[in-house]
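Notes follow the structure.
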């Protein structure tokens, strides 16, 4: 169990604020108390800090909703390219994660000053505008993740309803329904949970999230294996979805196959996006030996385990569904019996995703600095919680801003309910800068690698190649959104937009 995330905002009480006016402060995390440098460990953590605990932290951080789209990704690329691409992403992540591990301490990798978060590492090794850019990328990515999670959760809620409806009707009712109502329901839950001012007060959330992610991932894998056994054959082709295949978005053409293949790169990249938490995980490791040495072993072990698990989920799903592999693995089993097992898996997705709304630190810090004397922005009111004996610190600005944020992300999700497209964009947007570019640049600065040296050129080639992959994935994902929007009639889109605005205004 990781200690409290240091990306959370400090508590603002009756206008008491830190007097720091550099905008970079508002785009980075809270500075931490320095521990003794000789073998110092994070004082907030109370668990054994070993190779095994670090590996388990990484595995639980990696395996999440990204696993749901891997089957679709491999289906676009085929039996040859799909697993190969997944393996390449794993190798790149492993390599850049090892570079990042060596940037945990500034200067000497054994006795240098600690960096407690990813942003701390960027600030101490690179500084300047790149700190601001890195912060903006993180926050924009979080907004996208909030939209993606809303779509995934609503699809799972709808899948539970359809599964039970179909089971009760004995298969006679097709049980067609809209996802809008479920997105609104999920948004209401998000509004409630977003008001939690300090996630350290509910430390058990990360344990619940980890258990839920393993639950739905394991069920998805098990159902895929079962469906292959029932089919008695392995579906799919060497080079992915066939031209002429009829899908919900229409008949696949040569151009669409190209866009789908590029979008698959983003879906796979999204499943491997975990670099932001690596420094915090490394901060829980006991030394000696040096943290980066233990972290290197932990990363190798965890990425290997994760890649094997991803391969199994993606490949068995593709073997089960072939060209008709669904964008969300658990929705592809339709009304598979035992239907209650699918209900458990989809419920696990909803429970997992309802806790994932971090972005609030930047806006709240900036606003409190901009209007330090505003009672609306900085004032807090104690609200007693009946039967519990606790007190909730109500801040009006926090309540209004977080509610508006959730409503906007829910609105975007309702207007673009395309899980694969959003996942592809998120993977493309976050992979190159956060997983490749910043770790490489920090490593170059840390090791003082001279320009145009062999190692410098090799690292720049790797970075440039990954940039091209991210751009290609983004182009494919945006093309996917355009194609999916064409399946919605303009009149229906206009009616749904008016309905959504009506709901938002009245809420």
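Keep in mind that glycine also has a Cβ here, set from the backbone N, Cα and C atoms.
According to TrEMBL, the feature transmembrane segment maps to residues 136-160, out of the candidate ranges 136-160, 161-185. Annotated range for transmembrane segment in TrEMBL, selecting from 228-246, 380-398: 228-246. Annotated by TrEMBL as transmembrane segment, the relevant range among 14-38, 339-363 is 339-363. Per TrEMBL, the listed range annotated as transmembrane segment is 77-96 (candidates: 77-96, 97-116).
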